Amino acid sequence: MPMSVAVKLQSSAKPVSEPRAILGPTGNRVRASDDPKRKTEAPKKLQRPKKPVQVIPAPVVRNNVSTDSSCSSDSSSSSGSSAKKKLESSRTTVMAKRNGVKNMKVVPDGGVVEIEEISPKVSGPIKRCDWITSNSDPLYTSFHDEEWGVPDYDDRKLFELLVFSQALGELSWPAILSKRDIFRKLFDNFDISSIAQFTEKKLLSLKVNGSLLLSEPKLRAVVENAKQMLKVQQEFGSFSNYCWRFVNHQPLRNGFRYARQVPVKTPKADIISKDLMQRGFRCVGPTVVYSFMQVSGIVNDHLLTCFRYQECNANVKNDLKSNIEETKELTKALENTCLSRD
């Protein structure tokens, strides 16, 4: 009897469990099964942190897709849909790039991928060569941005730049540029024929505030170089043609990344310097010649990071065509002159 009573009490203490509806993680109502394994798993799933209820996409409702599915099938479908969206967005981005659309972003809206234009980013400060800083003289900065390294083919301008390169031994670029108008006034706007006729008296009168603009040896060199330049013009048609033939009428591009890599002279400058000295030019050492090559654009020594490096290269193509035509016309004119004299 005690054994049967204990059995009855134990059986009566056990409550009769009925199947009850529970809310799955995906928001779908499912029925709990009688399997004890399922009963033990249900509390663990309910203990997970709550996730935001996902909105059922419109295409799914239209296709009458059943929402009563297991957790595994729901997660696989959601991951598949997210992968599909990523693929569509990447395809749209590629198409936007191919069509030349810049500064775009992809925004999903009701299952339809839309493209919205983003305002362009504000560009940072202009990157110049390292020797141009925020504290540089404005004239020097403008000279760097507009003239330095630009290929020049005008004899008068080339002569002016040669004189400035010679003056670098006594003055800095900012000091020369600040006195540029004075240089042009005293040297008759760098008219080569006029300077070649300067007398000793005229030479010693080239003063600023009672002092000579340059030292006497430099001033005498300017006058002598003007005389020799006239001879070069007669032989080669122009001083420009004489200078550019050393580089096959195309600027040299060094493509340096750092200022410390820029040389003060090169083997090419040595060759030009020796040829000029043999022709009677003065104060035209390799360092002076290389400075002249840099400022006149015979060599592009703007750093690769400088915005002027590519701009100077772009100017070469346009200037080269016009100069080739001018050289041909000048050559024909000289040939006709020689034939007429014969």
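The backbone N, Cα and C atoms fix where each Cβ goes, and this holds for glycine too.
A TrEMBL annotation is a machine prediction, not a hand-curated record.
It should be emphasised that the depicted structure is a prediction, and the values quoted were computed from it without experimental measurement.
Here TrEMBL flags Cys129, His144, His302, Cys306 as Zn(2+) binding site. As annotated by TrEMBL, compositional bias 'Basic and acidic residues' applies to 31-44. Taken from TrEMBL, the feature compositional bias 'Low complexity' covers 66-82. The region 'Disordered' feature in TrEMBL is assigned to 1-95.
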Worksheet item: With the Zn(2+) site defined by Cys129, His144, His302, Cys306, which remaining residues of that chain have Cβ atoms positioned within 8 Å of the Cβ centroid?
Response: Arg128, Trp131, Ile132, Trp148, Gly149, Leu303, Phe307, Arg308, Tyr309
Worksheet item: Far apart in sequence but close in space: which same-chain residues, 6 or more away, have a Cβ under 8 Å from Cys129 (Zn(2+) binding site)?
Response: His144, Ala259, His302, Leu303, Cys306, Arg308
Item to complete: By Cβ count within 10 Å, point out the most packed of the binding-site residues listed: His144, His302.
Response: His302
Worksheet item: Other than its own, how many Cβ atoms are within 10 Å of the Cβ belonging to Cys306 (Zn(2+) binding site)?
Response: 22
